[in-house]
Each structure stands twice: as structure tokens, then as C-alpha cells.
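Working notes for the structure below.
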Amino acid sequence: MKDLLNLLKNQGQIEEFDAIRIGLASPEMIRSWSFGEVKKPETINYRTFKPERDGLFCAKIFGPVKDYECLCGKYKRLKHRGVICEKCGVEVALAKVRRERMGHIELASPVAHIWFLKSLPSRIGLLLDMTLRDIERVLYFESYVVIDPGMTTLEKGQLLNDEQYFEALEEFGDDFDARMGAEAVHELLNAIDLEHEIGRLREEIPQTNSETKIKKLSKRLKLMEAFQGSGNKPEWMVLTVLPVLPPDLRPLVPLDGGRFATSDLNDLYRRVINRNNRLKRLLDLAAPDIIVRNEKRMLQEAVDALLDNGRRGRAITGSNKRPLKSLADMIKGKQGRFRQNLLGKRVDYSGRSVITVGPTLRLHQCGLPKKMALELFKPFIFGKLEGRGMATTIKAAKKMVERELPEVWDVLAEVIREHPVLLNRAPTLHRLGIQAFEPVLIEGKAIQLHPLVCAAYNADFDGDQMAVHVPLTLEAQLEARALMMSTNNILSPANGEPIIVPSQDVVMGLYYMTREAINAKGEGMAFADLQEVDRAYRSGQASLHARVKVRINEKVKGEDGQLTANTRIVDTTVGRALLFQVVPAGLPFDVVNQSMKKKAISKLINHCYRVVGLKDTVIFADQLMYTGFAYSTISGVSIGVNDFVIPDEKARIINAATDEVKEIESQYASGLVTQGEKYNKVIDLWSKANDEVSKAMMANLSKEKVVDREGKEVDQESFNSMYMMADSGARGSAAQIRQLAGMRGLMAKPDGSIIETPITANFREGLNVLQYFISTHGARKGLADTALKTANSGYLTRRLVDVAQDLVVTEIDCGTEHGLLMSPHIEGGDVVEPLGERVLGRVIARDVFKPGSDEVIVPAGTLIDEKWVDFLEVMSVDEVVVRSPITCETRHGICAMCYGRDLARGHRVNIGEAVGVIAAQSIGEPGTQLTMRTFHIGGAASRTSAADNVQVKNGGTIRLHNLKHVVRADGALVAVSRSGELAVADDFGRERERYKLPYGAVISVKEGDKVDPGAIVAKWDPHTHPIVTEVDGTVAFVGMEEGITVKRQTDELTGLTNIEVMDPKDRPAAGKDIRPAVKLIDAAGKDLLLPGTDVPAQYFLPANALVNLTDGAKVSIGDVVARIPQETSKTRDITGGLPRVADLFEARRPKEPSILAEISGTISFGKETKGKRRLVITPNDGSDPYEELIPKWRHLNVFEGEQVNRGEVISDGPSNPHDILRLLGVSSLAKYIVNEIQDVYRLQGVKINDKHIETILRQMLRKVEVSESGDSSFIKGDQVELTQVLEENEQLGTEDKFPAKYERVLLGITKASLSTESFISAASFQETTRVLTEAAVTGKRDFLRGLKENVVVGRLIPAGTGLAYHSERKRQRDLGKPQRVSASEAEAALTEALNSSGN
């Protein structure tokens, strides 16, 4: 019987749908949902606990309180199903219907819906073309609005206050109709003729000239068209009927002691009903107008509070002074419906416990406490016990399990066998935060975790907890095993390098066993094979570090993948020979014949994975770990105070530095240097001293003297414990050792500036009170930073995931020929990232030719793997065009060729891979390692001494790139441009290093000169910024009036004077607009001209510039006319770390961005206006010149008569990404953003593949702005999805009509997420109210294309294994079948997907 009942209960129909539409509900619709009108504010009878009739919980409207039982008890039992009791009027049904049935309230006076009124831009306001303020005055009964002017002089929509209204009444009588309140607004909305208005607006827009007006009109037009297209009627934005939520969704729960806990909604509904009933009564009584108005206003406020409390005026509070939670609050925010219940649910079959180390586990195992396993696998155990006949019923089985009988444990062991469980550590920052393991039953209460997966989880064993989840269905177990098993996740999806890498003890052990020692026991022995070495070591004949000869048999994998055996005798050490025993066949002996540091081990595992494949690598990783643990135990490495050896030179270096500082102080005292220069120099000095001390210390620590076999004393690498730990990469770094045994160095003040006096002591010597006090600041700041960082980093990840969540690989090849040009990333003198690393795992977009010929060496469409990278290196290829997510032409999603290699698997990416989410996680996960600080120039205490020259590292040929220069009298070049660069090319013509040359640098070589390694080729003063003359002549001062524009500074210590230009802000009124300058004149007093132009040579001086010349002095080409101290020249804060990454992804415009040339042409300066300069660029083709006003304080890099190209920098500053996109195009923007973000991560030593950043950038470039509408339906200035424009243009192309023209637009990630096609996704991200309001008005459809939408509606996501389900549905939809994918069909599709991904 019970089963029958359950059957009846579960008869809910599963709705089939492809899209979700949101719209406005008409009053008729609300009434059709309703099961009756709620007339009374009562809830339940407090004595009988029965719902009051016609009240908010009325059983007649909403259904019975108990299953199949009417309220008065006349009808009970199933047989009366569907009967309506004539006594109490309740239908006999399931109590569950109280969750579904809605009621309604008939409002006595219409009420405006607050969302469409107050959510900006106000939709009601836009439609009526009235301001929000005016509409509110009408709604809240302060003014009348004219609805129908009739034959009078009034206008429709005009506001009248009481006086004006009565005057009009006297004048016109009943000829016009003016009202107030929501009725008036309702009438006005009702009277709108959409078609007529749309036609009028479309005519009006082309005839308008003002930009703002066009914007306003097109906004209105868009809204009107949205209403017309969606079938919503404008008057529905004013409610006449209010729906009432089903009572079980706003429950009233009796607590003990006769009190009740109630949902806030009930209070809000009660207020509405009370006020509505009172208004009805007042209207029946024909009460005075002023009372009715007040009541109507109160009703409006009550409905406002119910829909969105606190949106207008003060929030209504309950009995406990807390604002009541309205309907809008239910859905928005972290605790709202979307983020709390739809996107994140709590799950059953899970447990959590503390983790401990499991050094004996295999990589695919985890130790699960028996207690936990018993609880987690209960149902399985019950089933097994019953199936075996050990227990007769489930109840009996339950008893057995509770008693923990011995047979239960046997069954448990069987159930658990090969049933993977998922382990998750919060915070789950990337997909490796959840992995699958096979459980091994253990005693105790802590979960055991394999040490090698700690890096992926970012786990340590200081009390971390982890959660266990059980995949129940067969499919879930299959996915856990095939995709999530820890052994299948060896490589990190962020950069394609192994993430299963030994650390700490294991590294220490492997390093220790592969080090060599001079004259160790057994040195010089020779062994026939590895077994002999093992015996010699075990019997104590040979030490672990002894140099010996060994004959080894290695099997090496050739190019063809075949193993070839090879026997040779090698020089090695005992430890390395022992280590080779665990190396899999296929790797040569050379991989272990070195001291194994952390980097080398990582490289070894990576190499192993590429050569011998996954299975052997996993076994090898385990063996490495066991070996490492064993030998680090044997080594007995530990730290004692005597390990910190302080170098003898320390005192000498510090004394020398102190003397030099004194020297600088005396220079300052005699006025040779300014305060700022002194500060800089002192800090540079101490930085240098610190470096020297640490060099001396490391040199001291890293070598020790020993006696070799001949009895001579020789140096060998030290076995100092501390040095070994740092050198191997197990723990600690040179910087930390420096603080322990060198000197602590410079410290920063709370505001980030550096304290001039460093801490000269180290921790071994101990700090005195002052030094300790200075140190405390940094330590505290570190802790405060970490807390901030975590939150910010998490928020960045959330925004990234949101913007990229619907990017999935949907096809193999989009067929595009575009791509990005990749060249090695050179910075300063170093190749930071060689070409090989940048193109690895990418697909070539255009054929690569052999340098200097037209022979194709790599055809387009090749996926570049490690072999191809080596080949490109050999052929010395300089640049390659590769396919990129940014240039991919797939409409929805992205194609596998443009993405290239799946970094975590090492082959081409599968269809269905959620590359967007992976990109977001890869960028967000290291976020917590980035710093939060903004550095001032000269900020970080770890700052290196400022560069003041270019010293080349490699020999080669000099190349100068876009360098403008003048030649000094002595033949040296002086740079007079800011974008100049100097590069050194090797004999093949490949660039090996590249340096930026600042303005004023003195360059001692010419283009094409040969230089030797180590030569200094350029010099400059790092602390001041010079202004250099380009002609010979005599100095004449212009506009330099003492006390008005300049002040003569006499250094009080020295009596020397120089002239300093005052900041315009500090000048008296007379000097505000004067621009002091130094101009050059010839002997006759005529202006000299800049070479090659007709522009006079005069140099305008920015604020704070220092002039050391006197009026009338002689200067020659390349001399310095004035200096701008670098400290005072606007200290631009370098935003570092996380905030910088966020700024780039949000595409924020910097405060004072660099100014770029809008067009190519010749520079000239027009008439000046107040405080601004007029820059004119005249194009060379004779078209219209371009003018721009630039503030006077901006330092311009261009002079009159200079040629510039479009997009060249005119005035320095941080770049504005929007300008780069507009003037230089998508690929320049991609290059800029990728490099900027990579710089931040690289500084912290984090590797992220470029394509993740490009993937996010693709999402930021989704929208375009229509510049000409052509014959399309778009309006000029619209922001539309690129795909929409392309589709419509294709359509127009087939009909021979004019396509729309457009410009790409860059949106920040928050904005891009909110402007996605899917309103469900946008609403669950941020600004829920605004998104839903907009979607409802336009009647939006959500086609459930992304991942988030599908999670919200509870479907499989269209990615990974779920893609098969979705494409099967789509196929059936196209065939016109009903959309029910049967289990077998889905399974077939799934197996196919899994098989294809396995290959």
C-alpha cells in the first residue's frame, strides 16, 4: 500500500524545455495562477493552530494542511481525492500543494512596481519620457499629471502642483483630465501607442545633432522595441493585482512557549492587506480626498517594501529593529536563492576529518578511517548484507552495522574495493582541489593523504581538514576514475608542468644521495653492475657520496619510440647509481647523473611523462618519494646555531658603506646633491652592501676545505645543513639565509618608503631593541596583507569564472587564418621567455619559412610539441604566427585548433573541455601568492640599485630601434626619444638581448658596431631626468620670473643656488599661465630652429625642474639644459600584484594615461587655451587635421614638426588598453595585456600559460559598438555581441544589402559577465535586481548555453561528459523527436565521448 501511495506522490510531470523566458505578468495572468483571493491579514488561529479562512494561510485557497484530509475533518483518506468539502471548502489533496498554489490580492488602487520605477535607468520614466523625480511626485501624491489635455493649452504629461491644478480647473473646467497617484501613471502607460512612437523616434534620430540627445533617444527606442518585441504591455509595470506566495514557502512555525517563528514575508503581506482593506473601506465611505490619498500612498509603500524593502526610503523593520527580508532579498546576494541554493548545494554521503601524512600510500590511494567509511558506505553495506542473505531485512542489516559485527567489516572491505572517493580541500581554487582516490581502510580518525598531491591541494599537515565525497552512480564512479583520479592529474592545467613534484624531505633526501664528496670512502672503485654497487654500499665498503665507475645497461627510447639497449661505463657516485634503479626503462642514465635539486627533479618527471607515458611516470613518482624519504632519514640533516657561518668580510663591507654614506651626507651638506638624490644614493649604497654581504656569506657557506686522496687541500661544495636545504630547494632561500647569517638589510616604514638606516645585524647575532622595533612593522603588515589578499584573490577568481564560464571547445577547426605573432619576450638584457616556451602546445597559423629563404619548414596547422620546439631553435626562427583563442572564429565556444594543447593532458584539447573555467582557475589560483602592495618608485625594500648603464651580456652586433638621437661634440650619441631600444644580435641575426634607452642616455656605440661581452654601451643618471639641447647656441630664459614662476633655491647648508620651477598650483595668480622655458638663440639674438624643422628651439620646463645654467650661457649639442629630479617628477605608484591584475582584467582606464597619436601625420601646436595646449596632427594625405587639448603639466615627448604614426606615444604615462585597441588593433592589445599580466605573475615566480589570459581576453572582446547601421536592425552606438553582428551581416550579404560596420569594444570582466546573453548567469553573478528587471522588460529568452544556467536549472552542463547529452538532445530536436534522451542513448553517447577523449 505504501508503495502505491509513493507512486501517487511522485506523479510530478517533468517539464521539457529548451529555453527559459522571463517577462512581465499581466493582471489576468496573475489571476489565472491564483487559487483565490486573500482578503484578511490573519494567519492562523493561535488556539487551534488551524489556518484562518481567507487569511494568508487559508486552506481553502492554498490546500489542506494534512495529506488527503480537509480542514474540518469530514473527508479523510485517499478515496476522497479531489473532493471539495462543502463545509470548509477545502479540496482533499496532498499537503504538498501548499508549496505550489498561489493566491492574489485585488488592490483597491493600482501600485507601481518598484523595480521598474527605481531600478536605474527607470523603465517607467524612459517610456513616459519623464524624470524619476517627477514620476515619484505623481506616485506619492505631491503633483497632478495631465493625462488628456483635451482642447486646452496644457500638455500631456505636464506636472501641476495643487495651485496650478486649481487654476487650470477654474480656467478650463472639465476640458482636461489630470490625476495623481499610480492610476495616473497607469493611464499614461496604457495610452502609449508603441508602433507610432517607434516610427517617430526612428525618424527623429537621424535628424538630431547632439550626441547626448541621440543617446537618450536610442535608449528610449530600444526600450520601446523591447516592449513591442516581447509582447509585454507597458501598463503591466503598474500592478493592479498582487500575487501571494504559496504559504509553505513563507512558513509560520510554532515554537515552544506559544510563540511563533515566521518568515518576514508574512509581516510584509499583512501590512499590504491591512492597508488595502482600509483603503477599500475608505473608498466605500467616500472619505475626504486627503485621507484616501494618504492611504494610497501607504499602500504603495507597503507593496514597495514587500517587493524590495529598503529600495525606497527607510527599510521597514520588524519587532527586533532588523530590516525585513523582502522578495528581492530572497534572491540576491551570497545568501540568496541563486548562490546559496542553486549554484551551491550541500550534498549527502560526505564527511570531513583532519589529514595526516600517508608516506606508504601509492599515488592513487588515500587512507580512510574505518568509522568514516562505515558511515559513508552504509546503503551499499545494507544492500550487500541483504543480498548475501546475512540479514533478512534492511532493518536487521542496520542493527548489524550499528553493532559493528565482524562480518560487517568484511563486507565493507568488499564494497570499498575499487570504489573511488573524492577528496576536497577548501578553498577549492582550481580543479585539482578535488581529486579521486581509492580508499584504504585505516584505524584512527584522521584521513591519510599521499604527500605528492599536497602541492595540488596546497595542503599541509598542521591541522588542515578535508572532505570526502562518495560518487554513487556507475557513471559518477566512471568519471571519477577516468578523469579525476590523482594519477590522471600529473600535469598542472595552468602551465603544463608536473604538479606531482616532490618537495621538502623528499627533495632533501634525493639531493643528499646524489651529491658527491671528495675522498669519500670507496672513491675510485669500479663496479660491474648496479647490484654490485648496492652490495658495496650496504656492506659499508663505499660511502653514498663516493665517486666510482659503474658499468650500466640503459634502455633508451629513440625517435621511433623503440627501446634500444645500451651498455657503457660511466663516472658517477654510489648514490646516483642507486637512484638509477628506480628510473623506468626508456630514460638514459644522464638524467640522474647530477645532484638532484628541486628543479632537476621537476624536469625529470616532466621528461619522464613525455617519454614513457603516464603509467610509468606515476610508478616512478612513487618510487622517487619512497627513496627520498628513506635517504633523508639516513642523512640526518638538521640545523644548529653553528651552521650559520657569518662571513669575516661583513664588518669590512659595512664599515666601507658607512664611510660612503658619510661622504654623501657631506656632499648634501655642501649642496652638491638634493635631499631626494641623497636618499636615493644612500639606499642604493646599502642595497649594494647588502648584496655584497650576502655574496660573501654564500661564498663562505657554499665551499668547505677538504683533503683529497693525494693529501692536497681542495675546495668542495659544502655539506653545511642550512646550505644544502636552500641549495636543493627543500626549504629556505638565499634571501632567508642572508637574514640568518648575513645582514637583515633595509626595512620599509608603514607607508612603504624605505628607512635609510638598514639593520646591519642578523638573527644569529641577534637584534637590539631598535632593530627589533623596525622589524615588527614588516611582520605585522605581512599578516594583515595575507587576510586581505585571500578575499581579494577569491573575488577575482569569481569574476573570472563568471566571465568565462560558457567558453567550451565546441568544434575541431574554425578554419581561420588569423593568429597572433609570437616572438621571444625580451626584457632588460634577458630573454625572459624564449620563443619555444611561448609557442609550445600551439597550432601554427601560417607556414613558417626558413630564415633568409622561402622554404617552408613548418606547415600551417602543425601542433608544436617539444620536438618541433627544438627544431625551431636549431633553425633559429625568430617569430611565428600561432592560432589563438582571441582570433578564433567559432560562433559559440572555441575550436580545438585555436586553443591547441590541453596542458593537463599533453595532447590536442578534446571537444567539450571547459577551457574558460580552466583559464579562470589557472589565473585566479595563484592570486593568493601575489602581493597586495602598490609600490612607489623606490618602494620595495628588496629594490635593486637603480640601473644607470647598459652592459651587454653576449657579444654581437648592435641594433638601435626607433631611437632619435643627436651627436655630441665628442662623437657620442645622446638619446632624445623615450621609446628607443638597443638590441644585440648574434651571428645568425637572432636578437639575444634588448634594452630600453631612457631620454638623455649617452650611447657610445653606433648601429652595426660589433661589441664584446660585458662592454658598457650606454650610460645615464638614474636619479634625474635631463632635458637635452639639439642645437648649439646661447641660453635665453623665457617666462622665468623669480617669485612668480621660479624660485631661486639656496641650499641652507651650502649657499649654492639653483633655479627651481614652481608647481603651477603654488604660483601667485600672475604666474599661473606662464610657461617658463629655456630657448636657444644665435649670436645675433635670433631664435635657433630645431634641426630639420621651422620650430624654434625652446624647451618648456615642467614643474620642479632644476636649472643650473645662467641666462646667456653657451651650450653645445647634447648638453643638459635642465634636470628634473626623478623622485619629484610625479612618483607614479607602480600598482603591483593582485590589484594590478584586477585593473587589467577590469580594463580600467588609468588616472593619467599615456596620450597616443590618433592619426599619422605631422605635429604642430595650435592656439593655447586656459591651462591646456592644443596639439594638432596634420595627416600627410591632406585629409582633415586632428586636434586635441592636452593639460599643460603633461610632459610631451614630441616637438613641433615631428612625424608620428597612429598609436605612437605622445605623452608618457600608464597605457590605456581601450586606446591600444582603438588605435593599434586586437593583436597589439592582446600582446600588451598578456605581457603586463605575465610580468606580475613572473615577479612571484608563478608560471601561467599565455593562452589562459587570451581566453579571458576573448570574453572581454565579445561586444562591438555599431558605428554605421547600414541596412541592419542595429542602431548606431549600440553595443552588440560580435556573433550577432556577424550573423546579421552574413544574412544581409546574401540579400545584397549594406552590412553594419562596427568597432571592437573592450569590456572589463565584471561588465562582460553582466552583459552576457544569459540572464540567469548574469543575475546569479551581481546586481541581480538590475539584471532581472532588464530581462523582464525585454522579455529575454535564456537558451541555457553556458554552464551556470544549466547548473541552476539542474541539468548536466554542456561541457565534458555532459556535452554528449546536450548534443544528443540537439540532434533529436533537429529530427523533430520528443526530447527525452533515454538512459541507454545517453550512456552510448557518453562512452563514445570518453573513448574519443582517451585517444
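Each Cβ is built from the backbone N, Cα and C atoms, and glycine gets one as well.
Among the ranges 1268-1300, 1367-1399, the stretch that Swiss-Prot annotates as region 'Disordered' is 1367-1399.
Secondary structure at Cys898 (Zn(2+) 2 binding site), as computed by DSSP, is helix.
In this structure, Cys814 is the one among the binding-site residues Cys814, Cys888, Cys898 with the smallest number of other Cβ atoms inside 10 Å of its Cβ. A gap of 44 Å separates the Cα atoms of Asp462 (Mg(2+) binding site) and Cys895 (Zn(2+) 2 binding site). Residues Ala59, Leu71, Gly73, Lys74, Tyr75, Lys87, Gly89, Val90 surround the recorded Zn(2+) 1 site, their Cβ atoms falling within 8 Å of the Cβ centroid of Cys70, Cys72, Cys85, Cys88, which are themselves excluded. Cβ proximity to the Zn(2+) 2 site centre (mean Cβ of Cys814, Cys888, Cys895, Cys898, cutoff 8 Å) flags the following additional same-chain residues: Glu811, Asp813, Thr816, Arg883, Pro885, Thr887, Glu889, Thr890, Ile894, Ala896, Met897, Tyr899. Ranked by how many other Cβ atoms sit within 10 Å of their Cβ, the binding-site residues Asp460, Asp462 place Asp462 at the bottom. Listed in chain order, the residues near the Mg(2+) site other than Asp460, Asp462, Asp464 are Ile355, Ala459, Phe461, Gly463, each with its Cβ within 8 Å of the site Cβ centroid.
Note: the CA-CA distance between Asp464 (Mg(2+) binding site) and Cys895 (Zn(2+) 2 binding site) rounds to 40 Å. Taking the Cα atom of each, Cys88 (Zn(2+) 1 binding site) and Cys895 (Zn(2+) 2 binding site) are about 64 angstrom apart. Taking the Cα of Cys898 (Zn(2+) 2 binding site) as the reference point, the closest of the binding-site residues Cys70, Cys72, Cys85, Asp460 is Asp460. Distance noted between the C-alpha atoms of Cys85 (Zn(2+) 1 binding site) and Cys814 (Zn(2+) 2 binding site) is 66 Å. Cα of Cys70 (Zn(2+) 1 binding site) to Cα of Asp460 (Mg(2+) binding site): a span of 60 Å.
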